[in-house]
Structures are given as structure tokens and as C-alpha cells.
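Copied from TrEMBL, the annotated features are:
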| type | residues | note |
| --- | --- | --- |
| SIGNAL | 1-32 | signal peptide |
| DISULFID | Cys42-Cys57 | disulfide bond |
| DOMAIN | 69-217 | domain 'Cupin type-1' |
| BINDING | Asn114, His119, Glu124 | oxalate binding site |
| BINDING | His117, His119, Glu124, His163 | Mn(2+) binding site |
Amino acid sequence: MAAFGINSKIFQIMEMTILFLLAISIDRYCFAADEDMLQDVCVADINSMVKVNGFPCKTNFTAADFSSLAISKPGATNNKFGSVVTTANVEKVPGLNTLGVSLARIDYAPGGINPPHTHPRASEMVFVMEGELDVGFITTANVLVSKQVTKGEVFVFPRGLVHFQKNNGKVPAAVISAFNSQLPGTQSIPTTLFGASPTVPDDILAQTFQISTEDVQQIKSKFASAKKF
């Protein structure tokens, strides 16, 4: 009987422990996403010295804070990739602060590419305004999901997955990109690895890509002055 009582108490302790851990897991899951807004607007004070997750609210704002012509015209594509990304995020449209949305325009010269990259804070949907593109993303199981998209078509890139677009046509192409983040962030894979500052050690890249350190240095020279877009 004594043994039965001890086993019963152990069972109760285990049961309480499991319920406690489950409660913690549910609590974390419920608050994994951004919290709802607590006010009508929170126009970003871009120049504030206060560091918060996002931007502090300006005391005074106008309609201009909710408007922009940033993506109204094609961008210059005369660069090594033959493409340019023009953003309309919270840094360009302060009224987007706390709203969780933003846009971008991407222009491509014939043969231009938006090289493999990721958006750590957002999924992306592109709408093809002009031309046609070969687009795709790679899953964490290394499965390539790709197709050709044409004018009027949309394509979705899931959050955080490596993806790309390339204009294999003979005329310029352009898309409008929509994000579920006011500042989705962009990590261009080649620029991140070969244009980082301080630089990623040559031996790390050489072993990773199974090439020589001389090859690494040659590739790095092409990204020496590169900037993330």
C-alpha cells in the first residue's frame, strides 16, 4: 500500500509537470506573432535615437507620412546583376509603422537577375507588371519550386526561403512585390557570403564550396564594394 501511495504521488507530480510545460508552450505559441495595434496610427519617427523593435511614434504627422512615389518609376538596372529593387517600406513611408505591410518594385534588364536571397521577416508575393520571368524558391528539403511567370501573373515566395527571379526575355521586365512586414529585410546570398565586412574567412568559403582560396579571393573582389539592397 505504501508503494502504491508513493507511485500515485509520483504520477501526480509528473502530470502537473506535463501540464505546466504544456501551458508554457501554449503561451509562447500565442505570442509568437506581432501583437495587435493599440492605437489608430503610429507614424514612424525615423530620426529618433530611441532604439525599439520597430520605430517610436511621431507626435505630429500629416497625410504625406502615408504616401510615397518611391516605386512610381522604373529604377536603373545598369549594374552587374541587371536588376534593381526599389522599396516602399516603413523607411520610405513612415505611416506603415506597426501595420505589418510594405511594397517594393523590382526592375530587370533583359538577362537581368535578382540573385538568390531571403527575407527573414516576411513572405513575398510578386505581381508581374511587364515582361516575363523565371522564378523559384528552394525548400529546406532542397526541393526547387520554379516556373515562368508572365504579365498579370502572381507568384509567392514563403518567408525565409531562398528565392530568385531572372529575366530571360529580350525586353525589360518589372514586378511589384508585396510583403507582410513593414521592413522585411533582405539577405542576398552571394553578397552576404562574399561581400561581408569583416570578410568571411577564405578557408571557410573554400571548404564550403569546394573551391580554392584563390577562387574565393577572385569572387570576393567582385563584391568588394557591394551593398545589400
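Any Cβ shown, glycine's included, is placed from N, Cα and C.
Just so you know, TrEMBL annotations never went through curation; they're auto-generated.
Annotation for His119 (oxalate binding site): same-chain Cβ neighbours under 8 Å, separated by at least 6 residues, are Phe157, Arg159, Gly160, Phe179, Ser181, Pro184, Gly185, Thr186, Gln187. Looking only at Cα atoms, His117 (Mn(2+) binding site) sits nearest to Glu124 among the recorded positions Cys42, Cys57, Glu124. Looking at Cys57 (disulfide bond) and Glu124 (oxalate binding site), their Cα atoms lie 26 Å from each other. Using a 10 Å radius centred on the Cβ of Asn114 (oxalate binding site) and all shown protein chains, the other Cβ atoms total 26. Secondary structure by DSSP for the domain 'Cupin type-1' (69-217): 22 helix, 57 strand, 70 coil.
Other than His117, His119, Glu124, His163, the residues of this chain whose Cβ falls within 8 Å of the Cβ centroid of the Mn(2+) site are, in sequence order, Thr118, Phe137, Phe157, Leu161, Val162, Pro184, Thr186. Cys57 (disulfide bond): 17 other CB atoms within 10 A of its CB, across all protein chains.
Mean per-residue pLDDT, taken over the domain 'Cupin type-1' (69-217), amounts to 97.
For Cys42 (disulfide bond), the nearest of the binding-site residues Asn114, Glu124, His163 in terms of C-alpha separation is Glu124.
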